[in-house]
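A.B. asks: Below is the structure I would like to discuss, written out as structure tokens.
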Amino acid sequence: MSLPSFAALFRPSQLFTIRGGVHPETRKSLSSESAIEDMPLPSLIRVPLQQHIGAEAEPLVQRDDLVLKGQLIGKARGPVSANIHAPTSGRVIAVGHFTAPHPSGLPVPTITIRPDGEDRWGPRLARLRPEDAPPEEIAAKVAEAGIVGMGGATFPAAVKLNLRAKFDLHTLIINGAECEPYLTCDDRLMRERAEELADGIGIMARALGVQRVIVAIESNKPQAIEAMQRHNRALGFTLRVKVVPTQYPMGSEKHLVKILTGKETPARALTAELGVVVHNAATAYAVHLAVRYGEPLISRVVTVSGRGVRRPANIRALIGTPVADLLAHCGGLAEEPERLLLGGPMMGQPIQNRRVPIVKGTNGVLALTAGETRERDVMPCIRCGLCVQVCPVGLTPFELNARIQADDLQGAAKVGLLDCIACGCCSYTCPSNISLVQTIHFAKGKLAEEESRKHKQEETRRLAAARKAREEAAAEAKRQAMARRKAEMEAKKKREAEAAAQAQTAAPEAEPVQHGDATP
Amino acid sequence: MIHAAVSMSALGLGLGLLLGLAARRFHVETPPIVDEIDGILPGTNCGACGYPGCRGLAEAMAEGSAPVTACPPGGRDVALQLAAIVVPDADPETALSGMAEAEPTVAFIFEDHCTGCMKCFKRCPTDAIIGANKQIHTVVVDACIGCDACIEVCPTEAIVKRVKPTTLRGWYWTKPQSAFDADSRENAA
């Protein structure tokens, strides 16, 4: 176990501070008082095979197959990937491509299921008694259930639970900050399912082998705090509920670690290097369902909100439910939204097509009206430095922006382009309405593309060299084969000639022997 | 028998020696820049430039008879690198003479027309085509360099060049307009 930081010695129970951040209007009251409701089965379910960071899953079903609820339909491919299960029973009507729930609207491999309405469960995953199961088995179960980080990053949860092998872990932090405005799904989950959640947290703590468990909740969720304090024991662990200030981006993994432990995670390093692992509250609930009941991750709580929606609500929806169905369930749209977002208003991504499905990482569907968005004219930078003050990772967004606008991507990378967590505080605070974070998004993508082109150039050279080597080896083998054949032919000729000569000289005596040999 | 063998060997040795000496005596120094250029070119010998292989292009470029933009599969990246060593004094952008940042292309095989003749399979310089005799062939998009070699050899014209499809992973937002851009556009209007 690593030593507590120097600062921690002086402030044993208090919180530390994070730099930067903003305080946007939370607007959570739109949906925070509506209890989680189940959504009726949609008429069509589209399950993308790429719902997580990493390689896309491999489809295991074909068109016209009948699937049962919870049946494995996509198998994880590679170490960083996740299983995909059928959200309900029905018939597979297509295994092909469909628009991704992504701003690009590009197609993604998708399995389309027409539910049969019976919602019949197939065989569940084998249950596990987490109290005495070895940690590896718990992690394996989480992987089998296809659980990914449900805060939005969608990193396979099992990979994080297996960090125990590489790092000396001592603390598990449960991220219940939910710092994005509008979103209330984790809040409702903590209020309504605190006991199950606590159990899930206990299971994860056991899998990680940590000594300390902290549940971090922002101060604007008093009921959730109370509920979690009531259920603060699970599997022999005491869950310490810590109230963190309401400040965006408190839900960022590294910032949560900083405010709770006082330790700063180095740039491009994992929090696990400090011995801390952060999991989302909703992930803990999914772990509870998978380990205790053998239920894979096939549904999640989604906040449908924004002033464009008639009846904002928190809905437990099946993965693959079309966004249009969710909006219809919430009374439809009150007016044509200015922007339709998946995720929160700060980091969420706009979508064009309302038929796209929700996926494992979708925590919100927001229909924002013109009054709620901040669509204003862009003005020149006045060097006020507000973006620098609010940047939670200590960058200079205006400088990054200037360099990117001048096409100096390498220069931007030198001043920390790749350390940006894309929280959007700079764009939010800019008095000139400069699209700072959007510019940074572009630059990151462009830089990655350049990287991949360079990689391809090297790969091409390698492929060409491999082909040349192979062709040379083939030619060499052919030459050798020819030489061998030639030698054989010559040897044969020689033998034949010798035999003929021998036969000629020894013909009279040899004849009876040959005759005898030929007819045994 | 022995006479023949000895005389032929002597002849062979003598001529070999002569050739060796001639090679030393009349050795032509290849300029080192040819090797440098050859190192930057993809090395696939695909023939898209019209010269006999990458080495041929490298020699032509060193002489100055081929422009730095002659390698289509290499695209802008390779051209920029070449410009830096072939015309080091010139501004790289002008050396590229407006070579646009072309969208990468890849080959695409129409499966209905493919007869499985293996011609493209054998021709592909990066082994980007997979298939077998009398089986439909297909292109591995990640390995294809868009050199057109397969299009030329296909007897049924089943292969076309297409813009490389954007993947979800490769997609990114377009560059937002800066205030300066907006102003200059207004002034221009």
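Easy rule for this one: first residue shown is 1, then count along the chain.
Cβ atoms here come from the backbone N, Cα and C positions, even for glycine.
Not my notes, these are from TrEMBL:
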type	residues	note
REGION	B:1-23	region 'Hydrophobic'
DOMAIN	B:29-88	domain '4Fe-4S'
BINDING	B:CYS46, B:CYS49, B:CYS54, B:CYS71	[4Fe-4S] cluster 1 binding site
DOMAIN	B:105-134	domain '4Fe-4S ferredoxin-type'
BINDING	B:CYS114, B:CYS117, B:CYS120, B:CYS154	[4Fe-4S] cluster 2 binding site
BINDING	B:CYS124, B:CYS144, B:CYS147, B:CYS150	[4Fe-4S] cluster 3 binding site
DOMAIN	B:135-164	domain '4Fe-4S ferredoxin-type'
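I would like each feature placed in context: is it buried or exposed, what are its neighbours, and how far apart are things?
C.D. replies: Same-chain residues lying 6 or more positions outside the region 'Hydrophobic' (B:1-23) and placing a CB less than 8 Å from one of its CB atoms do not occur.
Note on B:CYS71 ([4Fe-4S] cluster 1 binding site): other Cβ atoms within 10 Å of its Cβ, all shown chains, come to 27.
Mean pLDDT for the domain '4Fe-4S ferredoxin-type' (B:105-134) in this predicted model: 89.
B:CYS114 ([4Fe-4S] cluster 2 binding site) counts 18 other C-beta atoms within 10 Å of its own C-beta, drawing on all protein chains shown. According to DSSP, B:CYS114 ([4Fe-4S] cluster 2 binding site) is assigned to coil rather than to any helix or strand.
B:CYS147 ([4Fe-4S] cluster 3 binding site) falls within neither a helix nor a strand when secondary structure is assigned with DSSP, and so counts as coil.
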A.B. asks: By DSSP, what is the split of the domain '4Fe-4S' (B:29-88) into helix, strand and coil residues?
C.D. replies: 32 helix, 0 strand, 28 coil
A.B. asks: Beyond B:CYS114, B:CYS117, B:CYS120, B:CYS154, what residues of that chain have CB atoms within 8 A of the centre of the [4Fe-4S] cluster 2 site's CB atoms?
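C.D. replies: The answer, listed by sequence position, is B:ILE109, B:THR115, B:GLY116, B:MET118, B:LYS119, B:PHE121, B:HIS137, B:CYS150, B:VAL153, B:PRO155, B:THR156, B:ALA158, B:ILE159.
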A.B. asks: Cβ within 8 angstroms of the Cβ centroid of B:CYS46, B:CYS49, B:CYS54, B:CYS71: which residues besides those meet this for the [4Fe-4S] cluster 1 site?
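C.D. replies: Not counting the recorded site residues, we get B:LEU41, B:PRO42, B:THR44, B:ASN45, B:GLY47, B:ALA48, B:TYR51, B:GLY53, B:LEU57, B:ALA70, B:PRO72, B:PRO73, B:GLY74, B:CYS147.
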A.B. asks: Same chain, not part of B:CYS124, B:CYS144, B:CYS147, B:CYS150: whose C-beta falls within 8 angstroms of the C-beta centre of the [4Fe-4S] cluster 3 site? Give them in sequence order.
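C.D. replies: Other same-chain residues near the [4Fe-4S] cluster 3 site: B:CYS46, B:ALA107, B:CYS120, B:ARG123, B:PRO125, B:THR126, B:ALA128, B:ILE129, B:VAL139, B:ILE145, B:GLY146, B:ASP148, B:ALA149.
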A.B. asks: Measuring Cα to Cα, how many Å separate B:CYS71 ([4Fe-4S] cluster 1 binding site) from B:CYS147 ([4Fe-4S] cluster 3 binding site)?
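C.D. replies: Distance (Cα to Cα, whole Å): 9 Å.
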A.B. asks: Report the member of B:CYS49, B:CYS117 (the binding-site residues) whose C-beta atom has the most other C-beta atoms within 10 angstroms.
C.D. replies: B:CYS49
